[in-house]
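Visitor: The following feature annotations were taken from Swiss-Prot:
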type: BINDING; residues: 13, 14, 15, 16, 17, 18, 134, 179; note: ATP binding site
type: REGION; residues: 33-63; note: region 'NMP'
type: BINDING; residues: 39, 61, 62, 63, 93, 94, 95, 96, 140, 151; note: ribonucleoside 5'-phosphate binding site
type: BINDING; residues: 100; note: CMP binding site
type: REGION; residues: 133-143; note: region 'LID'
């Protein structure tokens, strides 16, 4: 059985991770965060990609697509090998640019089906405030204002066009993510129910 994928996109701090946790609990999806996979890989002492990933993340740049896709593919294969019923995936924070999208379509064409893009739409200032708040406890090196402003620029220049492209294909489900966690999840449930 092929993996069934929902891409979860939105700016930094739009609530992707928080909402994904709830979708997992209620709908039995497996949540794969491209960012978390990259951060975990970066920490592995024997990783072939570790230092490369570190330098990209530190500079607020997008990691080369081959690395991200190979980590996503490996994670999906492992999950499905462990439990054949676990074939529904939320992929959060990917594809983040044109290169990501082309890489996915080149590598995963026929190997996975994308149902839709779940787009958490949130204004920049709300996103920044949430990230600064999260940064106090998360220990994430990129949750500081300077890094965040770069990440938001990268998002607007690179990821928004991907969302627009999926919109043209009729594959975007948009949620106003500036509301409270519960209000946002109510809207999310309307999409998944």
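Positions of Cβ are set from backbone N, Cα and C atoms, glycine also.
Neighbours and distances for these, please.
Guide: The Cβ of residue 18 (ATP binding site) has 15 other Cβ atoms within 10 Å, all protein chains considered.
Taking Cβ pairs closer than 8 Å, the region 'NMP' (33-63) reaches residues 16-17, 20, 71-72, 75, 91-94, 96-97, 99-100, 141-142, 147, 150-151, 154, 158 in its own chain, all 6 or more past its ends.
Long-range Cβ neighbours of residue 93 (ribonucleoside 5'-phosphate binding site) (same chain, at least 6 residues apart, Cβ-Cβ under 8 Å): 8, 9, 16, 33, 34, 35.
Counting every protein chain shown, the Cβ of residue 100 (CMP binding site) has 23 other Cβ atoms within 10 Å.
Mean pLDDT of the predicted structure over the region 'LID' (133-143): 74.
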Visitor: Which residues of the same chain, at least 6 past either end of the region 'LID' (133-143), have a Cβ under 8 Å from a Cβ in it?
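Guide: 13, 57-58, 60, 151.
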Visitor: Roughly how many angstrom lie between the C-alpha atoms of residue 100 (CMP binding site) and residue 14 (ATP binding site)?
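Guide: The separation of the Cα atoms works out to 20 Å.
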Visitor: Cβ neighbours within 10 Å, counted over all protein chains: which one of the binding-site residues 16, 134 has the most?
Guide: 16
Visitor: In sequence order, which same-chain residues at least six apart have a C-beta under 8 angstroms from residue 15 (ATP binding site)?
Guide: 120, 122, 130, 177, 181, 184
Visitor: Which one is it, among the binding-site residues 39, 62, 95, that lies nearest to residue 134 (ATP binding site) by Cα separation?
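Guide: Checking each of 39, 62, 95 against residue 134 (ATP binding site), the shortest Cα distance is to 39.
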Visitor: Quick one: of the binding-site residues 13, 14, 17, 18, 179, which has its CA closest to the CA of residue 39 (ribonucleoside 5'-phosphate binding site)?
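Guide: Checking each of 13, 14, 17, 18, 179 against residue 39 (ribonucleoside 5'-phosphate binding site), the shortest Cα distance is to 17.
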